């Protein structure tokens, strides 16, 4: 907790205040608020996946599954059972974290592509459970969820996610996670409890994915199983890799650019996905480490030496 | 549940499993050489199916349609590799994976833009006949063709990889790309050849699939691609016989689950659960070699 | 240096493509000044999983718009359709609807094609007080929320509701085909299919019929032999398959090849020219569907539409296209009766739609904003739809 940390918080609070003022003054119309909420949801998803994928090096493509748990559990709590949103949100996050724990443990034996396919499988199983359960509406999903999420919720959600994950990453735990990513055997030889850090990454990552799910469910009026298929997991993974694996700032910027690009292309639907995928391929070819891979943005705010802990490494 | 019923369901399972195996062969081939999960494989499959659709509409028969589709897809595979994957040969695996996802989206959406999103019926180019084995147990000619094509292609592939010069080069590149280069092997050509073969297999699978389930649309490769990927991993990705076994196993499991009353909803769930269980107990798939990690 | 050059190259490409993107025209109408056009926002699935539905529907909407405009427009104003893609996603659908209202300032919303994406836009229309007409979302709760017992004031539809078609075909099976037992085979990933299955079941059972099995498949499945093999052992008289043509075609084909001769029945999701190609002409014999109309109908109104559609798009329209077409005329009709583009007046006019003559029949909206229109039961004979019976609601 140094001075820089508080300056960062102060700057973001000012940003929050300005946007809130613009919203209250009806200068920003609903479409911009929708976009801000969607941005916030995507940022939470990407930053939390980055903890698993970018910092700990565990190749997970089941993030949409965790998101769906947060969305469904919170929606059941508020819409079906009538509890308040904060309680629903908390339960959603915790349920997702428990799922992260359950999925984290058995898959510890797996590495690389095999872990990826196993997490993809878990994500799909979760979706199929929702699909086959009529209590949560089956294919139609849950509709008529009250809109509770607003700019304040989403802003502080993003802030908490970023601060918590940044603090984990910058702590001893974070260095242990990065060492797991760089070389698992060496890390183990150095006395690092590899299992523990992998599970922590999965649990924390899932917790925030659940939070993103709960926010989006309580903003976009309804949820359905199709919103959480493996394509959604890919989408989140793309945010992370395009921005720069292992760089929180990069992830945030990548998410913002891609979300805005996707929105901007809405007017030419036929070419929307063609252009989107072209840009994806070109960025990967010309910036294989992501837009901000290996760049730690915080160094611009620092005097002198920068800490280099962003960036990707080649999987052995 | 009679014996006949079980045999019939087994035939159903093997017939769908051999389709998965056919697609999985291409997946596993590419993975075996450059360790890339080529997510665009399912979309090369769709291009193959559409090529077959146009040749069949033009009045060409099964064999010609197959050959043309395979040629088109081989070319497409080489182009994709040259433009999208080769510049990234030394990049992190996840980056190439994202590029593969990008290529997959690109092919699908170019397909939607140029061909339309609606499914089209595939013309009849094979005279389908149904044979009754005994009692109620039947098998049709297309199911037989698919199974035979899959087994033959697998055998050919196994021969190419283990008995020919290019196969030797492929194995060398797979083992150690740098060392292979130093030994005078043209790594780029070898990888191009791998993509050509893998994509030709996808093309063949596309045509056969479209004959068996007579419709084509630009998103038709997504689900079979995912299933074939699961099959390849089940068998041990990178291992050619593993693709066949994984495909057949997946097909039989899916059919088995659906053949139990009221369980049809859980088909994919059970398939994924078995995948995860197998991976947990045998992390490199059924046929996978346990590679000892070097420090 | 090398890297920075590449970076500049990438940035240049990104800027160029996005600039290019910006140039793409988004509206298909003639003029863009707001005063002399009536803007219709079409929130549709133009990409993503159900792009086939959205794009087909947009074709129907555009054809209707062109016809209306070349006939002089409505109240002296031209129609202008602003289409926006919701990528077949619920959250995108909410945003798309909001964008059409706040950014494009449309007078009426149309869409979405499927119920899930429509639900996501219902509250937007209600909150913004913009009338919204969905051409094809069939879920009963879209116009009238049964759980909260509340009418969605601004939301209307142009198609049957789920519970109607299931009932029509259950009655047809029990009364006309004299069937005593049936198997239900549902697309579990489509709430349209599940809705039709539910209403079929309750009506068929109330008529004394027996549902001997309920099975499911999922959208994009291709192999149905495992379940069909089991259905065959049950020997039902009727198989109720309320899905979409792509899967249904394969189900019918595989069932017939397996030797299942029972009557197979479905709803308007079957209605597409591709069905015959996929299933095969002779396999479709002894299949029945409920539909809004038949593309074989000699009625001049239907013929004119089919010919115009064929001329423009070189294909026979499917159910989505014809519903989009009719819905556009319904909007035009309501605007004409409202006499202005005042949202409240358009809403009132839409609610008072009476005996509107569409291609899909005479449409009147009931107090729940759902169309009261007759359904026709069609039988496939050698690949052609033939009229069997007409069922009044």
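Glycine too: its Cβ is placed from the backbone N, Cα and C atoms.
TrEMBL lists A:31-52 (among others) with the feature transmembrane segment.
Annotated transmembrane segment per TrEMBL: A:59-77 (among others), in sequence order. Nonlocal intrachain contacts for the transmembrane segment (A:59-77), taken as residues 6+ away from its ends with a CB within less than 8 angstroms of a stretch CB, comprise 45, 48-49, 52-53, 83, 85, 87-89, 91-93, 95-96, 99-100, 103, 112-113, 115-116, 119-127, 130, 135-136, 142, 145, 202, 205-206, 209-214, 216-218, 223, 225, 227-230, 232-234, 236-237, 315.
Look at TrEMBL and you will find A:83-105 (among others) tagged as transmembrane segment.
Marked as transmembrane segment by TrEMBL: A:112-131 (among others).
Here TrEMBL flags A:151-169 (among others) as transmembrane segment. Beyond its flanks by at least six residues, the transmembrane segment (A:151-169) meets 9, 12, 16, 19-20, 23, 33, 36-37, 40-41, 43-44, 47-48, 50-51, 55, 177-178, 200, 204, 208, 211-212, 215, 219, 248, 252, 309 of its own chain at Cβ-Cβ distances under 8 Å.
Counting residues 6+ beyond its ends, the transmembrane segment (A:199-224) has Cβ neighbours under 8 Å at 34, 37-38, 40-42, 44-45, 47-49, 51-52, 55-56, 58, 60, 63, 66-75, 78, 85, 88-89, 92-97, 99-101, 103-105, 108, 137, 139-149, 153-154, 157, 161, 164-165, 168, 173, 177 in the same chain. Summarising the annotation, TrEMBL assigns transmembrane segment to A:199-224 (among others).
The transmembrane segment annotation in TrEMBL covers A:236-262 (among others).
The annotation transmembrane segment is assigned in TrEMBL to A:274-292 (among others).
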Using a Cβ cut-off of under 8 Å, list the residues of the same chain at least 6 residues beyond the transmembrane segment (A:112-131) that approach it.
58-66, 68-69, 72, 99, 103, 138-139, 141, 225, 228-230, 233, 315
